[in-house]
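Comments concern the structure below.
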Amino acid sequence: MTKFLLTLFLLIYAQHVIAQHHHMPTEDPLLPAFNSTGEEPMSYARLSENKGYFYAHVVFMILAFWILMPMGVMFGIARSSLHVPTQIVAFMIALGGHFFGHLYAHSTPHLYAGNVHHKLGWIIFLFLVAQMTVGVVRKIANAVGKTQQQQQQGRGVYESLTEANVRRVHRSYQQQHQPQRHCDSHSEGSMETLHHNNSNHSDEDTPTTTKMETDHSDGNNPTITRDNRLSMEEEDDDDDDGVDVNLLQDDDPMEMMMMNMDGQHKKRSSLWTRAIHAVLPWIPRIIKSAFVRTAYNPFTKTICRYFHSILGRVFIILIFTQTISGLVVYHGVCRAWTIFGCVAHLIKGGIFFFYGILTFGRYLGAFAERGWAWNRVDGGSKFSFEFIECSLIFTYGITNTWMEHFGKEDTWDHKDFEHASLAFMWWWCGLVGLLVESRSLRRLLERSFMNTSLNVSRHEHRQTYSLNPFPALTIMLTGISMGNHHQETKYSSNVHYMWGLLLGLAALCRLGTYFMMFRSTPSSIKPSRPPTELLGAFCLIAGAILFMASNSGTMTWMRRLEVDSMFMMNVCVALTSLTLTYVAAMMILKAWAMKREQRKKSARW
């Protein structure tokens, strides 16, 4: 196996020798100075007017969308009470960045035709408003749902109490809210009715009633209070602020009794919760009743939940896209017909970029509950991560085969055929990978040569990882192919070679992971964290950055700035390390938030 991996490495390295002798110019033509002909359009980067608005826009947007918004997403996944405050602060800062961006746009001339950064900014802003609105609706819905469950449980607890214990609770309530002279008569009248209702119980229920008596006299029934509350908190997705919507209802002795039993929790309420409790009594009753009727329904419990969750994760891709489009528009690259080549490089490079982030996340332990972190989970996902990879490869190939011919010429040139052939390769490699992952096909083949009905689904269901080599093989062949891709300049050929080599090394690291898993099968639920996956994630992200930068517009811009390939590679490595650090920080923040919420729940009991 070691010889096989060494042979693959030498095969990948051999593309450098091939690229040095085929389809590579010996010298790059000299580029004229900027706007030497007087026809080259101006860019925002060369415009010195009102830079203060631009810098304020950049700082506010980085703080809102690259720091606070991802933190809020991590808090939401961890079901932390910090989710809502963080999202509100991010929204307010994003409003400031949006304001400065419009100030800069209106104080400068339009220097980029078809400015997609401006249009996408409005779309993201509207999505942000929608997410905040849905988040508020969901918070009210969760609070109302908790209140209804607490009231139902409160009635059951109330009916199970004995006469003496209920008298004690009512006496406590009357001492707090009524004059002392009405206490005894009101309590005894209520107790007679309750004693008459409880007189029909049989003698067989006496031990159970006595036990409940003791538990409730202490105010801490582990069967009714602890378990039921924990189940309610598990149903609450990401809102754990303890908002008591009992204030939306009329006061009732039974509700007050439940609030007294929950007094310890109220003492530990957050500042956010206390603020809501202070505001709610001042809201008119008709408005509060309308909230109760409209907030708790199947729409807010299901549709809004999934919309809020999916949109929060889609924001990560939208933020990345908006950042890239801002760099393109600011520096004035990828104009006219060259925009199609730039978009192709940015989309394909972005796919590898997020693929590297997912690989690094799996190394850190993401998706461990599904068995996708190179661990063993009984009852995990019925699909392996390799199945997801093959599905994406197949979908990408079958769609891009017909999208590689966009330009001003109707005829296909050699570059169109090169790009289409690459997508064609992905199409069929992904299909073969899907066939390898098919459990039905495997069972069919086993029945055919053993002539018996085998029950192997149980074993396969436990094995949540796969040794399917086709995703890695597809990426390795893509790297080798693109490393030999014909370019018009030596500079661009060197850059293509570098990111082709990095993708090939990433695939080689994945094959090394398969070798380690084959030698030592994971037996623990904890992530095994093979080091080859860490190296593979690094190579994928670095290759993706160079992939996105290898479009013709960016190459021309860097050649004009006299940025050589060595400097570009060093900056790429630094950006890759920064990306890995950023992802690790977000994962650590999520783990801290989950641990914080667990400590809060443990302290309540």
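Each residue, glycine too, has its Cβ placed from N, Cα and C.
Residues or ranges marked as signal peptide by TrEMBL: 1-19.
What TrEMBL records for 41-140 is domain 'DUF2427'.
Feature annotation from TrEMBL assigns transmembrane segment to 54-76 (among others).
Within the chain carrying the transmembrane segment (88-105), a Cβ under 8 angstroms from the stretch's Cβ atoms is held by residues 50, 53-54, 56-57, 59-61, 63-65, 68-69, 71-72, 118, 121, 125, 128, 132, all 6 or more beyond its ends. The transmembrane segment annotation in TrEMBL covers 88-105 (among others).
Residues or ranges marked as transmembrane segment in TrEMBL: 120-137 (among others).
Residues or ranges marked as region 'Disordered' in TrEMBL: 169-244.
Residues or ranges marked as compositional bias 'Basic and acidic residues' by TrEMBL: 181-195.
The compositional bias 'Acidic residues' feature in TrEMBL is assigned to 233-244.
The transmembrane segment annotation in TrEMBL covers 310-330 (among others).
Over the domain 'Protein YTP1-like C-terminal' (319-590) the predicted model carries a mean pLDDT of 88. Under the heading domain 'Protein YTP1-like C-terminal', TrEMBL lists 319-590.
Non-local neighbours of the transmembrane segment (336-358) in the same chain are 114, 317, 320-321, 324, 328, 366, 396, 404, 406-408, 419, 503, 506, 536-541, 543-554, 579, 583; each lies 6+ residues outside the stretch with a CB under 8 Å from one of its CB atoms. For 336-358 (among others), the entry in TrEMBL reads transmembrane segment.
Taken from TrEMBL, the feature transmembrane segment covers 465-483 (among others).
What TrEMBL records for 495-513 (among others) is transmembrane segment.
According to TrEMBL, the feature transmembrane segment maps to 534-555 (among others). Through the fold, the transmembrane segment (534-555) approaches residues 324, 328, 333-335, 338, 341-342, 344-346, 348-353, 355-357, 359-360, 363, 479, 489, 491-492, 495-496, 498-503, 505-507, 509-510, 513, 568-569, 572-573, 575-577, 579-580 of its own chain, all at least 6 residues removed from its boundaries and within a Cβ separation under 8 Å.
The transmembrane segment annotation in TrEMBL covers 567-592 (among others). Proximity of distant same-chain residues to the transmembrane segment (567-592), defined by a Cβ-Cβ separation under 8 Å and at least 6 residues beyond the stretch ends, is recorded for 70-71, 74-75, 77-78, 356-357, 360-361, 364-366, 495, 498, 537-538, 541-542, 545-546, 549, 558.
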Among 120-137, 465-483, 495-513, stretch most in contact with the transmembrane segment (310-330) (C-beta, under 8 angstroms): 120-137
Structural state census, the domain 'DUF2427' (41-140) (DSSP three-state): 80 helix, 0 strand, 20 coil
Chain residues in Cβ proximity to the transmembrane segment (54-76) (below 8 Å; excluding those fewer than six residues from its ends, i.e. six or more beyond): 44, 82-83, 86-87, 89-91, 93-94, 96-97, 100-101, 103-104, 238, 309, 312-313, 315-316, 319, 322-323, 586-587, 589-590, 593
